[in-house]
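TrEMBL annotations:
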type	residues	note
BINDING	B:ARG102, B:GLY140, B:THR141, B:ARG142	phosphate binding site
COMPBIAS	B:1-11	compositional bias 'Polar residues'
DOMAIN	B:26-156	domain 'Exoribonuclease phosphorolytic'
DOMAIN	B:177-242	domain 'Exoribonuclease phosphorolytic'
REGION	B:1-24	region 'Disordered'
6 protein chains.
Amino acid sequence: MSSSISEQLQTLGIKKHRPSGRDNDQMREVKITRNFTKHAEGSVLVEFGETKVLCTATVERGVPRFLRGSGQGWVTAEYGMLPRSTTTRNAREAAKGKQGGRTVEIQRLIGRSLRAALDLNKLGENTITLDCDVLQADGGTRTASITGAFVALQDAINVLKQDKNGAMKGDPIKQAIAAVSVGIFEGEAVLDLDYAEDSKAETDMNVIMTSKGGFIEVQGTAEGAPYTQEELNAMLDLARKGISEIVELQQEALAE
Amino acid sequence: MSSSISEQLQTLGIKKHRPSGRDNDQMREVKITRNFTKHAEGSVLVEFGETKVLCTATVERGVPRFLRGSGQGWVTAEYGMLPRSTTTRNAREAAKGKQGGRTVEIQRLIGRSLRAALDLNKLGENTITLDCDVLQADGGTRTASITGAFVALQDAINVLKQDKNGAMKGDPIKQAIAAVSVGIFEGEAVLDLDYAEDSKAETDMNVIMTSKGGFIEVQGTAEGAPYTQEELNAMLDLARKGISEIVELQQEALAE
Amino acid sequence: MSSSISEQLQTLGIKKHRPSGRDNDQMREVKITRNFTKHAEGSVLVEFGETKVLCTATVERGVPRFLRGSGQGWVTAEYGMLPRSTTTRNAREAAKGKQGGRTVEIQRLIGRSLRAALDLNKLGENTITLDCDVLQADGGTRTASITGAFVALQDAINVLKQDKNGAMKGDPIKQAIAAVSVGIFEGEAVLDLDYAEDSKAETDMNVIMTSKGGFIEVQGTAEGAPYTQEELNAMLDLARKGISEIVELQQEALAE
Amino acid sequence: MSSSISEQLQTLGIKKHRPSGRDNDQMREVKITRNFTKHAEGSVLVEFGETKVLCTATVERGVPRFLRGSGQGWVTAEYGMLPRSTTTRNAREAAKGKQGGRTVEIQRLIGRSLRAALDLNKLGENTITLDCDVLQADGGTRTASITGAFVALQDAINVLKQDKNGAMKGDPIKQAIAAVSVGIFEGEAVLDLDYAEDSKAETDMNVIMTSKGGFIEVQGTAEGAPYTQEELNAMLDLARKGISEIVELQQEALAE
Amino acid sequence: MSSSISEQLQTLGIKKHRPSGRDNDQMREVKITRNFTKHAEGSVLVEFGETKVLCTATVERGVPRFLRGSGQGWVTAEYGMLPRSTTTRNAREAAKGKQGGRTVEIQRLIGRSLRAALDLNKLGENTITLDCDVLQADGGTRTASITGAFVALQDAINVLKQDKNGAMKGDPIKQAIAAVSVGIFEGEAVLDLDYAEDSKAETDMNVIMTSKGGFIEVQGTAEGAPYTQEELNAMLDLARKGISEIVELQQEALAE
Amino acid sequence: MSSSISEQLQTLGIKKHRPSGRDNDQMREVKITRNFTKHAEGSVLVEFGETKVLCTATVERGVPRFLRGSGQGWVTAEYGMLPRSTTTRNAREAAKGKQGGRTVEIQRLIGRSLRAALDLNKLGENTITLDCDVLQADGGTRTASITGAFVALQDAINVLKQDKNGAMKGDPIKQAIAAVSVGIFEGEAVLDLDYAEDSKAETDMNVIMTSKGGFIEVQGTAEGAPYTQEELNAMLDLARKGISEIVELQQEALAE
């Protein structure tokens with residue numbers, strides 16, 4: 001807290017900008033473990049460094065009322081943090097009787113992003129629910145969630161493909177998607193912020209992209225000073241690099 | 001619905017891309033009426049064309065628990081739509097017993113943006129609550145809300161300045177802010193989407209900027225196909241143009 | 001607050017009982033503006049002096065479960081105050097997650113009164129919802145709501161009449177209704193109390209009547225001392241006078 | 001249901017207007033049993049014919065926040081119906097997670113009426129809560145509740161009088177109060193409606209009066225046709241008669 | 001509180017272990033009053049000494065969704081305490097908007113126990129709801145509730161038997177059940193704890209048995225020191241004795 | 001489902017009663033992994049075969065209001081199942097806005113049991129919250145939760161011991177506790193039921209014991225036929241055996 005690794009390194013003349021000692025364009029180690037639990041059609045533990053999220057995909061026949069009879073499927077997401085996934089305990093939302101604003105905001109983002117990965121018409125009248133539950137938080141839980149949820153979604157789609165009564169009309173996956181956070185930390189653009197950076201960053205941006213480099217969602221918030229077009233571009237360049245690495249890891253995991 | 005004004009005009013050889021006949025870089029008429037109601041410290045009716053939002057600013061002594069004793073102030077926002085501000089009636093959130101996800105997402109955005117306009121230390125231990133209630137909706141309610149709320153906030157700050165016991169330490173306004181929506185509609189970047197465009201746009205982006213052109217928040221979502229860096233840049237250029245016009249109208253209203 | 005207009009006038013030998021200087025049997029200026037917003041089937045801004053309420057009427061096909069198949073329609077009402085419609089801010093009911101007792105009581109009164117204006121059998125299996133949202137409060141919001149809601153209801157019925165598939169069986173409006181508050185203020189019966197009177201009145205009474213002078217609802221509460229039969233009669237006489245004036249204004253507005 | 005007692009009597013040439021065979025100005029048998037349960041400071045079972053309500057009064061030191069330090073006391077009421085107090089079962093409000101509109105309306109009426117019986121300044125900073133729980137319903141539960149609650153309140157005040165640390169400043173009871181329902185049933189004014197009448201009455205009116213004949217609250221609702229001034233007066237005359245009888249029974253019960 | 005009956009008796013050389021002076025294996029007086037209220041199919045006031053619970057059974061056609069079409073019936077229970085059934089007032093759960101954990105735990109126990117009394121297949125697609133509302137509490141409300149609810153259930157079954165359209169397939173009652181509490185109080189096993197014992201007992205155990213002595217449910221909790229197998233056996237022996245007495249009283253009540 | 005492992009084995013003449021092929025007195029493999037996540041004072045993954053529960057212990061200064069100033073500490077528990085920890089997805093309780101009855105019942109049991117392990121006076125005015133979140137369910141989640149929570153509690157106590165300002169007065173751990181389920185499955189008493197057994201068992205019993213063999217809680221429910229004293233004893237014998245094995249594994253884990 002007082003004297004970070006990066007400060008100590010700088011004192012030693014070894015210039016490292018980030019608390020973790022990572023280069024500005026360096027991701028944390030990303031791990032993707034499929035079949036982490038046994039009941040769900042897709043179950044993925046995704047780790048971005050110390051951030052660990054369990055993403056499960058559940059397939060259910062039928063769709064919400066507003067889609068019934070349309071022949072179209074639906075994808076939705078729910079997000080939660082275990083009460084002690086964080087440094088200090090957060091009150092359990094089930095006990096409080098309501099999901100907080102941050103939770104609602106994040107699960108809407110996850111659902112929206114995953115829907116962009118699919119052709120919902122090809123999905124047929126099936127609903128896939130992605131549950132992203134944070135076991136341990138260290139920054140970037142929403143981008144890790146989207147990254148892991150895509151792999152769980154792919155596994156669930158594969159289960160549906162085996163199902164003769166599954167109502168799918170061809171492969172609904174239009175494009176692979178992944179997500180990463182970028183930001184301005186102590187005046188420099190950095191990739192994949194951990195909590196130590198995230199809590200002090202001047203700008204915090206979440207980027208969701210397709211495997212081909214198109215933008216699905218960009219959300220950039222100035223926490224301190226406003227950011228410039230140049231800073232925005234620098235962050236997007238880092239995001240593009242990070243996402244291409246993540247997409248590769250997703251494909252490797254799915255190939256196993 | 002079938003044959004829009006723009007299509008009819010195009011048939012007549014008068015090329016207009018947008019349903020409203022506006023140019024791609026043309027704002028709707030923006031009106032800002034101060035002192036719309038009498039009780040609040042700031043009360044502004046903001047109109048972006050047919051979108052009408054009543055923004056009030058309330059000053060209260062004291063701050064939420066997490067800031068007590070810090071000498072710092074707080075700004076928060078709440079958003080609501082009157083049940084029949086929309087084409088079909090939306091169930092009243094107070095009757096449902098909970099604010100919907102969209103409401104929560106929007107009011108967090110408004111609060112975050114307005115906090116960026118202020119130096120909360122200079123505000124002293126006062127809380128300003130911005131209530132943005134949509135009387136009539138036609139697209140762009142969140143950006144209209146932020147635009148109007150800034151004016152109401154300025155009025156409330158002026159009231160606080162007159163108050164000898166108000167605990168302020170100098171003028172807390174760091175920078176004027178305003179917001180506008182941009183998007184990709186039928187393949188082209190357009191400024192200030194109305195509902196007819198918004199409901200069909202391929203990409204929908206909300207941009208909040210300072211009067212000096214810095215970004216406070218950028219939120220861009222691909223509703224259909226992913227968008228490219230070029231499209232992102234085109235949208236941001238339009239936003240910059242729109243916001244400079246809106247900032248001028250804010251200043252004029254405040255000068256009255 | 002300390003020395004009211006009426007006290008100053010009395011000091012000057014000009015005897016005026018009421019804070020506003022009105023005669024005891026004098027209404028505030030009542031204004032009724034139709035088509036205040038554009039989406040609703042009926043949309044009326046009603047003003048009783050500084051009290052301003054937006055009343056919208058929404059027509060929806062179908063009826064609540066308990067009436068399905070009965071051939072009968074339904075009318076219901078919801079009431080809300082914008083958080084800063086009042087001198088100090090009231091917490092938003094949607095954020096609190098529940099409507100307060102006063103809100104519930106008022107919206108039941110509005111719904112009951114408006115149902116009394118209609119022959120629900122002639123309405124057919126349609127539901128009309130009256131939303132009364134207070135933009136600015138200065139006493140008498142419930143009686144202003146009923147008065148404005150009747151006009152919005154009439155507009156909505158007119159829309160239904162144009163609708164060939166609307167299921168109505170003749171004109172469902174049985175009788176025009178209007179409402180006004182009366183009370184005992186500083187020992188005298190007064191008509192149409194504003195907030196300055198309402199907050200100090202010994203007795204507060206809301207009267208809803210038909211255009212022909214029949215009672216729909218009388219609710220009279222002693223806030224201080226009990227009231228006598230004579231005082232009750234005096235208040236009802238004032239109410240009768242006020243309502244006949246209001247009914248005339250409603251008819252004028254509907255004739256435009 | 002098909003052929004009521006009154007119809008049978010009329011067939012026999014014995015003219016009785018009411019289903020119960022009562023005269024129009026005849027109360028049901030009213031019973032007041034004190035000390036019905038043992039823990040509460042006041043505990044009264046009140047019966048109006050087959051309507052049975054348990055009214056308890058609880059004394060607690062201290063007052064709600066808005067009265068702290070004022071030296072003034074508070075009286076509040078809560079109302080509930082046991083799920084099977086009625087002909088068909090009503091869902092338990094505790095299980096539904098919310099009190100219905102009717103419940104809220106009634107408990108506000110009870111609280112308001114009982115506060116009118118007291119000089120809250122003399123009560124000192126004590127809070128008395130009146131719980132009115134309907135064991136069996138047959139019309140008139142709210143007026144029975146007020147009638148029984150007054151007796152429970154008197155008992156609770158007597159307990160407080162014995163308490164040397166009770167903070168009371170003299171006897172806070174200003175006036176005895178009681179309540180009764182009246183209405184227009186098949187064209188005639190009747191006293192103390194039971195369920196058979198209440199469910200079909202053209203007008204339903206609840207009257208709360210002091211033992212000296214002053215009005216505390218009058219609430220009269222036209223369920224069918226509007227009512228006239230003459231009908232209103234006829235109902236109030238019946239209410240006056242009924243209340244004088246009830247007040248006597250209250251005093252007898254308290255004298256035991 | 002300071003010097004209990006049992007202490008006084010012991011001082012007098014009359015050795016009595018329990019505050020009430022009862023023998024360790026002695027029940028309080030148990031009273032069972034059928035038809036306590038008039039609307040329900042079964043309505044029983046059960047008293048275990050000063051503990052008084054009103055148990056009603058409501059028969060409704062149809063079953064919850066998960067049983068529709070199964071031909072099987074359902075039995076469920078709800079439990080509540082009147083706010084002032086206890087020494088100090090408990091907040092009304094309907095007003096708090098949620099049933100407490102203790103309530104939920106108890107009503108699940110009651111429902112589970114009563115279902116064990118029936119062959120749900122023979123019940124046919126009917127639902128019986130048992131409402132157990134505590135009018136006065138003095139320990140043992142859950143076991144009194146089960147005991148009284150069985151009698152109300154039997155009455156409701158008898159009503160169903162008379163109903164030609166009732167869908168029952170023979171007598172669904174498999175076995176009579178009753179319940180009693182036992183515990184370790186000041187080192188000795190005692191039967192049917194009242195509040196004075198319950199609040200200080202080292203172990204508190206609720207036992208639900210059939211009339212033939214089979215266990216339906218045993219729930220024993222160490223409040224202080226752990227209990228031994230010997231203590232467990234001693235408590236179960238007392239429960240067996242108590243239940244055989246209660247079953248007899250149930251049968252007597254049903255025979256009336 | 002149709003032909004279980006045990007049935008197949010029996011067909012082959014290899015007599016195995018249980019679906020899993022375990023002996024009646026055989027536990028599933030129990031694993032206890034400490035420090036499973038990094039933020040909590042105690043973090044234990046406990047596995048009973050395929051049942052996996054993450055138990056964290058959080059230490060916070062201060063106690064609930066009812067204990068303030070008493071010098072005594074508090075231990076409480078919360079329980080949750082991840083939505084897809086089960087065969088089919090359970091709706092997320094945070095999204096439903098309320099914890100279900102089963103959840104409430106279980107977390108009360110966990111809290112009560114863990115409090116029995118401690119001398120709350122020695123704990124000082126600290127609160128320890130045990131969060132038991134089921135990652136994967138296969139029967140016995142509540143007994144696994146208690147078993148794991150005790151280890152997490154011990155770790156949290158050890159952290160508190162290091163804390164000079166921690167307010168503890170000696171070691172608050174009075175006794176180690178552990179829990180196991182037993183039941184009657186197809187007529188025989190079995191130890192540590194998995195889901196295949198649990199869902200069909202005639203009797204289901206949860207037993208919480210101290211390391212020295214005292215009972216903390218016994219909860220035994222007849223799901224089908226009532227159970228006898230002999231069956232009860234047989235189940236308790238199995239529980240005793242299982243718990244002694246579990247306690248050993250807890251101690252081994254704590255010794256690492």
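Including glycine, each Cβ sits where the backbone N, Cα and C put it.
Structure coloured by features recorded in TrEMBL.
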| residue | record | Cβ within 10 Å |
| --- | --- | --- |
| B:ARG102 | phosphate binding site | 13 |
| B:GLY140 | phosphate binding site | 25 |
| B:THR141 | phosphate binding site | 26 |
| B:ARG142 | phosphate binding site | 23 |
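As a summary of secondary structure, the domain 'Exoribonuclease phosphorolytic' (B:177-242) carries 18 helix, 30 strand, 18 coil according to DSSP.
Applying DSSP to the domain 'Exoribonuclease phosphorolytic' (B:26-156) sorts its residues as follows: 44 helix, 43 strand, 44 coil. Report note: the phosphate site is defined by B:ARG102, B:GLY140, B:THR141, B:ARG142, and the residues of the same chain whose CB lies within 8 Å of the CB centroid of those residues, excluding them, are B:TYR79, B:ILE106, B:VAL134, B:ALA137, B:GLY139, B:THR143, B:ALA144, B:SER145. Put simply, the two farthest-apart Cα atoms among B:ARG102, B:GLY140, B:THR141, B:ARG142, the recorded binders of phosphate, are 13 Å from each other.
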